[in-house]
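Colleague: As listed in TrEMBL for this protein:
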DOMAIN    2-157  domain 'Glucosyltransferase 3-like N-terminal'
DOMAIN    175-329  domain 'Glucosyltransferase 3-like C-terminal'
BINDING   R183, P250, Y251, K252, L253, G254, T255  UDP binding site
Amino acid sequence: MKVHVTCVTNHRQDSVARMAQQMIADVGRQLGYEVCPIYTKYTTPHQEPDSLEELLKRLDDLGKKTAAGDAVIFQFPTWNHYTVDANLLSWLKSQQRRVIIFLHDYVPVMYKESRPLAPQFIAMLNQAEVIIVPSVAMYEVLKKHGLTVKKYVVQGIWDHLTQKTFVSPTFQRQLHFLGSPERFNFVNHWQSALPLRLYTQKLPRPMCANVLYEGYFEDEVLLAKLAEAGGFGLVWHSDDDLDYMRIYSPYKLGTYLAAGLPIVARRGFAQADLIEKHGLGLVVSSFDELERVLETMTEETYHKMAQCVADYRPFLTQPYHTQQILSQAVACLFS
Ligand SMILES: O=c1ccn([C@@H]2O[C@H](COP(=O)(O)OP(=O)(O)O)[C@@H](O)[C@H]2O)c(=O)[nH]1
């Protein structure tokens with residue numbers, strides 16, 4: 001039995017799905033897995049599905065790479081039209097591949113307009129023997145939506161692999177935010193007196209006072225910039241997006257920690273316990289509360305947090321955690 005791991009191709013350079021899938025594929029390769037590229041047009045779930053011809057070509061690729069009895073870790077979603085994923089997964093199942101789904105995002109909770117698609121997404125996930133989920137809370141939501149897969153592995157935090165090391169960050173009463181205001185729209189209503197340094201492709205319109213647009217940087221430059229600037233890495237969701245915040249694992253959490261920055265997260269966030277348990281930053285309910293906490297915070301308190309981040313950092317800048325998740329999921333096939 002061989003193990004394969006799928007990986008999207010053709011995504012834009014700044015696609016976080018591409019970065020995350022590539023990282024998983026690279027770690028899979030280190031474990032001796034074969035990487036199985038999946039061509040994608042980088043559509044949203046609501047755009048037109050592929051033609052039959054395009055779909056058959058993808059099935060042909062999968063068919064040539066994998067054989068009956070092989071395990072296929074399918075990184076999901078591929079961000080093709082969802083019917084492409086549905087067809088690929090049912091084909092894999094019908095051809096006796098042993099399917100493990102690595103769930104990165106659950107579209108029916110991520111996007112309000114996709115809520116009615118829950119039955120279709122659950123039907124796809126039910127093709128798996130094992131599912132890798134970002135959190136136990138996500139597994140519980142999936143079960144409520146009809147998931148019947150019993151074997152699951154919890155990912156928790158995303159690794160952010162890097163060889164770079166940085167000097168300890170300085171205490172600054174400022175926040176860094178990685179992400180698009182279109183997706184995280186609290187940025188468009190920023191009223192806090194705290195400076196929010198924003199890293200994204202498009203200049204936000206309108207630009208609120210205290211939002212400082214930094215631009216978009218490739219990974220190593222970004223990590224160095226964050227480390228040099230000091231302050232905190234922000235994980236935040238708008239009030240209408242809290243359901244997703246409670247269950248998913250944001251890629252940015254690993255990015256901030258890899259840069260050595262302590263975190264500010266909104267209470268209720270899926271990884272809040274981890275932040276509190278390891279002293280990696282602050283978990284607060286509002287920006288007012290944050291302002292009050294920062295007003296009286298001493299350099300010493302900040303440096304203690306930064307030291308906790310430095311102690312935790314090797315766990316996610318090296319591939320052990322991802323190796324463990326992947327190996328555990330494969331082992332589950334035989335448990
Ligand atoms: O200038 C930038 C801004 C963002 N990012 C990447 O984009 C991720 C955040 O992406 P997104 O907000 O889509 O995802 P989430 O963190 O919610 O999973 C970060 O972790 C970075 O890896 C980057 O490489 N350069």
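Positions of Cβ are set from backbone N, Cα and C atoms, glycine also.
Those TrEMBL annotations? Automatic predictions, nothing curated.
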Colleague: Per the record, UDP is bound by R183, P250, Y251, K252, L253, G254, T255: how many Å separate the farthest pair of Cα atoms?
Modeller: 19
Colleague: If you count Cβ atoms within 10 Å of each one, which of the binding-site residues R183, K252 comes out on top?
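Modeller: Highest number of other Cβ atoms within 10 Å: K252.
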Colleague: Report, as a single number, how many Cβ atoms besides its own are within 10 Å of the Cβ of T255 (UDP binding site).
Modeller: 24
Colleague: In sequence order, which same-chain residues at least six apart have a C-beta under 8 angstroms from L253 (UDP binding site)?
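Modeller: Same-chain residues close to L253 (UDP binding site) (Cβ under 8 Å, separated by 6 or more) are I157, W158, G233, V235, I263, A265, Q271.
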Colleague: What mean pLDDT score does the domain 'Glucosyltransferase 3-like N-terminal' (2-157) have in the model?
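Modeller: Taking every residue of the domain 'Glucosyltransferase 3-like N-terminal' (2-157) together, the mean pLDDT is 91.
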Colleague: Note down the number of other Cβ atoms within 10 Å of the Cβ of P250 (UDP binding site), including every protein chain shown.
Modeller: 24
Colleague: Identify, among the binding-site residues Y251, G254, the residue whose Cβ has the fewest other Cβ atoms within 10 Å in this structure.
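Modeller: Across Y251, G254, these binding-site residues, the one with fewest Cβ atoms within 10 Å is Y251.
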